[in-house]
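For reference, TrEMBL has these:
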DOMAIN    B:4-124  domain 'Gfo/Idh/MocA-like oxidoreductase N-terminal'
DOMAIN    B:134-258  domain 'GFO/IDH/MocA-like oxidoreductase'
Number of protein chains: 2
Amino acid sequence: MNEVRIGIIGIGNMGSAHAANISKGEIPGLILTAVADRKESRRDWAKKELGEKVAVFLEGKELIESGLCDAVLVATPHYQHPELVISAFHHGLHALCEKPAGVYTKQVREMNEEADKQDKVFAMMFNQRTNPVYKMMKELVEGKTLGEIKRVNWIITDWYRTQAYYDSGDWRATWDGEGGGVLLNQCPHNLDLLQWICGLPKEVQAFCHNGKWHNIEVEDDVTAYFTLENGATGVFITTTGDAPGTNRFEITLEKGKLVCEEDELTLFELVENEREYCFTATEGFKKPEGVYREVELIGENSQHIGVLKAFTNRILTGSPLVADGREGIRGLMLSNAMHLSSWLNRPVTLPIEEDLFLTELNKRRNASVKKDNVKEATFDTKGSYGSKDGK
Amino acid sequence: MNEVRIGIIGIGNMGSAHAANISKGEIPGLILTAVADRKESRRDWAKKELGEKVAVFLEGKELIESGLCDAVLVATPHYQHPELVISAFHHGLHALCEKPAGVYTKQVREMNEEADKQDKVFAMMFNQRTNPVYKMMKELVEGKTLGEIKRVNWIITDWYRTQAYYDSGDWRATWDGEGGGVLLNQCPHNLDLLQWICGLPKEVQAFCHNGKWHNIEVEDDVTAYFTLENGATGVFITTTGDAPGTNRFEITLEKGKLVCEEDELTLFELVENEREYCFTATEGFKKPEGVYREVELIGENSQHIGVLKAFTNRILTGSPLVADGREGIRGLMLSNAMHLSSWLNRPVTLPIEEDLFLTELNKRRNASVKKDNVKEATFDTKGSYGSKDGK
């Protein structure tokens, strides 16, 4: 086997961008053989833009059963992710899943259990993990030379979206169609990076505001306070309503502070561990000494193409993935915890009570209102992935 | 009257710094005639350092009754502030009160009511209000050309203190001696600036951690989430345990964003109001356009000397104060709300239930443990006031 035939299920904003990248031959060894979409307008687009060699289906299951693909990329609305991935496994296909892994952890747990039963490659589209700045933060935190984490503040308010964005699809920003707002659509990357770099919090208290800045029924403004396993605290602040927003990720450690802003990483490294200095210093107001420096970043920021290449090479040669599919549940657990905490107006410990979450989600799904003012549109998402080099 | 004779009650870290500034003649028209301190070591220091013309008393009340002063500067432990200010008014003296105005709003309300009955000058030592960067932020927010506030994030974690600082006085960082930790000792400036620039929040939920980084019984780590009158949300994050800390005060408005960091102010000003753009734009992912610029700051950062000059001139010529004494209750209200919210583990609306706060505070005062390991010390506080130009 020296090439992988891939089918993309869901060719909206993201799926069509992936289709274009693969069609252009940007991923050696990966060939687009089929797409599926329930919207006629998107199927028409595919027939016109992707050429005759790419089969076009209405349903993802048809694509999976067609025999035209060795692997699928699932880029549908979120609720369908686990179901389609599981179906792909059952038909002997490898699966790459767009974020989020699903809408609720219980559903994703079933997907992961199914993955464990197969020998198929299963990956998550956590393209932000290819960003050298986050890779370096993970390396510096895990290396422990800076000591334990003391505080984490991530202000990630630059996920700006207009009302036109929300009006572009009937599933968007509804409890029944999407299952959440900024936490589920824009933030899966950030929540994954947060748990990837700092570990999964043990407790969360979140304040979600539904339709604060847009005419939508789900949250578009979130402030979450959390506690890590070691007792360090943090905040995660996000919205699709701020312009200009901020993307400033700060981690204070015992022996220094990391600040990531505008894809640049600054390290203030102390000469000694603050925890020791605090109890040995004879002065009251003096601070431990240290040095600021910009951290040199290594490697390219390959983003979606990097994830697709790694997925392809894993299938062909067994080389490492950017993110194993089973890891998608971790950021989703954090996202679910934020929703649940806000719904119940109390702190929530992780792992969450999955049945309670589902009950609360279903209350909202049942009350969800079908949109009657949709102006169908597919937007150019370039530059909207929270990374300057995002493709 | 062409000069004001002032007495300083409490000549610890702050009082002795004020005494030195006044003695050096830095404030035209202001003459130091007396000091009072309950500690013998501080009275010995005063006799040695301040010269024979400055009378030295054990008790503040003796100083107030001495006839040697037209005004007092109260720089004692916080619980005594209102009592001494009220006593000064009763003896016909003007009063300048160090921050905080007191420990609980009920006590400060009595002080303010007493001030209203007098024609004496009453001022608060809110020296940070002289900082051109905060004055400019207030002007830009109140000017409304940037529209309404949407979000406020203040990470003010650069109030670093060592264990030696806390061990330097038996009243420090105890519920009974000081009445609180970082909120009451270090943050009164920031809480005052927050309410001065953005208005007083209507609701607060805070997470205070007692003795998280030091051997103390009060809080040295706080994350507070709040809501302003117009529904905008914010966080206030502070600690005396982070090194290096951060001082980054960000206000997002409808037509721009202000970021104050390291005493520099950046403004990103939008071409149009985001609230209009959001609902008229036809693109989904595009952001409203705008321009970044560093804001030119006007005037000197006169800090404590500026407050002392304004206080003196108010007495002599009736010119404006930096901060009226009656305004001290506002930041304290916010501080009390944060404590109360954390103690009760629930959101608290402002104005707070003052009796409930006092009941909860007294529980903690009654359980407060007297320190047995005090190493008395007076530290040089230069550069520790959260402002690069602080004197």
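In case you wondered, yes, glycine gets a Cβ from its N, Cα and C as well.
Taking H, G and I as helix, E and B as strand and the rest as coil, DSSP gives the domain 'GFO/IDH/MocA-like oxidoreductase' (B:134-258) the counts 28 helix, 42 strand, 55 coil. When pLDDT values are averaged over the domain 'Gfo/Idh/MocA-like oxidoreductase N-terminal' (B:4-124), the model yields 97.
Remark: secondary structure over the domain 'Gfo/Idh/MocA-like oxidoreductase N-terminal' (B:4-124) totals 53 helix, 27 strand, 41 coil, with classes taken from DSSP.
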